[in-house]
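Enquirer: Heads up, here are the entries from TrEMBL:
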- 114: active site, phosphoserine intermediate (ACT_SITE)
- 40, 41, 42, 43, 44, 45, 46, 47: ATP binding site (BINDING)
- 33-181: domain 'APS kinase' (DOMAIN)
């Protein structure tokens, strides 16, 4: 029997509990932790928004990290394709990494198309209540295609890319997201403020000027 097969047997694996708790890390950091899961079509503005929120959090002394879908496919998920199975494994892996960052006391911003509700719910269910914040970055397909910052829509129309979400592959919008950002009608600053206000309301970060 190969080593790989042995390692897959649950009986041979033992979970090692951390001697430093999530609550201890949160107290040390001075803020809560969660994953802001930004989902939406390509070109909707997920990465731009995630980076802008991370910048604002850093300015306020809040530790955060952006998990960008494209960046992760350069490394962690480099070997995955865009089949249904590849996309699901992509989300599963990112969800596992996001959970580790949440356990370490950070606010995580995951910016991925993540087209299927079931996959997003799997990530939600892997976290504790309140730790998964679904942010629907909503923008009509025609505007995303007009923006086309990566030139992907043009390649799709030319037949160079198959199984492209929103055109030749489905996208399932969230049914009850914690937040909806309409990037076709909201400016970036307004969108960032909306997310920051939510984090304050949920007591994940302190309100500005509140040093209690």
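Every residue gets a Cβ built from N, Cα and C, even glycine.
TrEMBL labels come from automatic prediction, so no person has curated them.
Could you place the listed features in the three-dimensional structure?
Expert: Listed in sequence order, 37, 39, 69, 91, 120 are the same-chain residues six or more apart from residue 114 (active site, phosphoserine intermediate) with CB atoms under 8 A from its CB.
Shown in sequence order, 137, 138, 139, 144, 183 are the residues of the chain, 6+ apart in sequence, with a C-beta less than 8 angstroms from the C-beta of residue 44 (ATP binding site). A coil conformation is recorded for residue 44 (ATP binding site) in the three-state DSSP classification, outside any helix or strand.
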Enquirer: Provide the number of Cβ atoms within 10 Å of the Cβ of residue 43 (ATP binding site), excluding the reference atom itself.
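Expert: The answer is 22 other Cβ atoms.
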Enquirer: Please list the DSSP helix, strand and coil residue counts for the domain 'APS kinase' (33-181).
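Expert: Residue counts in helix, strand and coil order: 61 helix, 28 strand, 60 coil.
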